[in-house]
C-alpha cells in the first residue's frame, strides 16, 4: 500500500476542517487550528501543540496539517475516525473535565481513547485501503457544473411564457367587450329585445388581439385583490380640471414665498439701523460727559489712557476719579546718605568723596539737565582728569578725617602732621641740602629713634619677640574696627590698581548720570 499523494491529503483535511467542531482548538478553543494530534484524532493550535510535544510521542504524536506532507494512510484514518466532537464526548463520559494538559492526557480516559482510536483506524485501513472517504463520511454529492446562459434564449422564453399566460385566461379578457356591446343595445332597443349573439359566431382569434397587452390585465387583477379602497396607491382617473386654476395657485404660492423673504430681510435692516442709532447716542453721551467734567488736555489724555470715569459712572451714586485728579510734578529728591559699615583709611577716602561728588553732581544735573548733559558728553575724554582736580580742591576733609586711626597704637599710627606755616624757614633750613626726608622736614627723627631704642632695651632679655610686641599692638582687634588698609595688601602695584579703579569709577558715574537724565526727560514729564 503506497502513501497518499499531496492532493489526497489536502482533500481529506479540507473536508475534516469543514466540520464546525474541528474549526477550534480542542484544548484552548482558539480558532483555525493548523496542527493535529494523531493519537487522539483532534485538531490543536500551535501553542497547545508545543505542550503536547513536551508530553512525548508515547502520549501524543503531533503533526502539521499544512506543512507536513509525509502522512500515512493509518494517520489519515486516525483523523477520520476521530475528531474534536468524538474526543470531547468521550472525555466527558469518563469524567475527565480538567484543563491541565499533564493530568488530562495521563489519565485513564486518555489511555482508553488512544486505544479506541488505534483500533478503529486499523479496521478502517484494512477495510477501505486507499479510498479517500469512509462509509461514515461519504463524499459530498458533486454539484452539476454551471451552464452558460444565453441572453437571447432567456428573453425568448419570457415572451413564450407571457403568451401562454394570456391564452390560458381568455374568458375574463373577452367579458369586458361583450359587456360593453350589450349595454348600449339594451338602451337602444326595447325591453323585449335580447342580447346580441353576433359575437358567438366569430372565431376566438380576435380576443387575444385585443387582450394581448399586459397593461389591460393589471387593472383587472388589482380590482380582484384590492377592490375600491380609499387611499390606495393605484392610478386614478383624471376629472375635468382647469389648468388655469392650478397655474393661479402656483403663482399665489410664489408670491407668498417672496413676501416671507421680504419679511425676513426687514428685521436685519432694522437691527443695523438700531445699532447705528445706539452708536450715535453713545458718542453724544461721551461728548456731554466731557463738557460736564471740563477736563483740560492733559487730564483728558490721562483719563482716556487709564479708562476712568467713562461709561461706568451711575449719576449721583458712584465716585468719579477724574474729579479729584491732580498732576503731581516731581521735585528734586534728597538722596539719603548711606551709612558706613566699615571705617576707612585716609588713602581709601576716595569712595566717600566720590559719593559726595555724585550727590552734588546729580542735584546740579536735575537743576540744569541740558547744560550738564552737553558738558559731560562733549568732554568725555577729559572728564576723569578734570574731576580729580576738582575733587582735590573741593573735598579735602576725608583725607584728614579717619575714625579708625585713633584706635591704633601710637607706634604704628600715622601722626597728624601740620605743615610748616612759614615756607621761608624751610627754605633757610634745607636750602643747601640735596635730599631730605619727611622725618627731617617735620623734625620727628629724634622722637622715633628714642621710642625704638626704649622698646628694644625692654625686649632685650626675652628669647623671642613678635611684631605685636615690638610695636606695642594689641593681640586681638575689635571686629567693628577693621580698616581697608588692614584688608588690602601693601604691595607696590596696589597704587596703580587704585588709580585705575578711580578712573573707571569716575567714567561710570558720569555715564550713569547722563542715562538717568535722559530717562527722566523722556518718561518723567
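Any Cβ shown, glycine's included, is placed from N, Cα and C.
Taken straight from Swiss-Prot:
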type	residues	note
COMPBIAS	162-177	compositional bias 'Polar residues'
COMPBIAS	222-233	compositional bias 'Low complexity'
COMPBIAS	293-305	compositional bias 'Basic and acidic residues'
COMPBIAS	319-333	compositional bias 'Polar residues'
COMPBIAS	349-363	compositional bias 'Low complexity'
COMPBIAS	387-398	compositional bias 'Basic and acidic residues'
MOD_RES	232	phosphoserine
MOD_RES	242	phosphoserine
MOD_RES	271	phosphoserine
MOD_RES	275	phosphoserine
MOD_RES	332	phosphoserine
MOD_RES	379	phosphoserine
MOD_RES	437	phosphoserine
MOD_RES	460	phosphoserine
MOD_RES	462	phosphoserine
MOD_RES	464	phosphoserine
MOD_RES	466	phosphoserine
MOD_RES	467	phosphoserine
REGION	160-233	region 'Disordered'
REGION	249-271	region 'Disordered'
REGION	293-364	region 'Disordered'
REGION	377-428	region 'Disordered'
ZN_FING	25-48	zinc finger
Taking DSSP three-state, what's residue 460 (phosphoserine) in: helix, strand or coil?
coil
Relative to the Cα of residue 275 (phosphoserine), which of the modified residues 462, 464, 467 has the closest Cα?
467
Cβ packing number for residue 460 (phosphoserine), 10 Å threshold:
8
Select the closest residue to residue 242 (phosphoserine) from the following modified residues, measuring between CA atoms: 460, 462, 464.
464
Cβ neighbours within the same chain of residue 462 (phosphoserine) - under 8 Å, at least six residues apart:
469
Measuring Cα to Cα, how far is residue 464 (phosphoserine) from residue 437 (phosphoserine) in Å?
32
Quick one: Cα separation, residue 467 (phosphoserine) versus residue 437 (phosphoserine), in Å?
25
Once the chains shown are all counted, how many other Cβ atoms turn up within 10 Å of the Cβ of residue 467 (phosphoserine)?
8
Local Cβ density at residue 464 (phosphoserine) - other Cβ atoms counted within 10 Å:
6
Measure from the CA atom of residue 437 (phosphoserine) to the CA atom of residue 466 (phosphoserine) and give the result in Å, rounded to a whole number.
28
When the pLDDT values for the zinc finger (25-48) are averaged, what is the result?
91
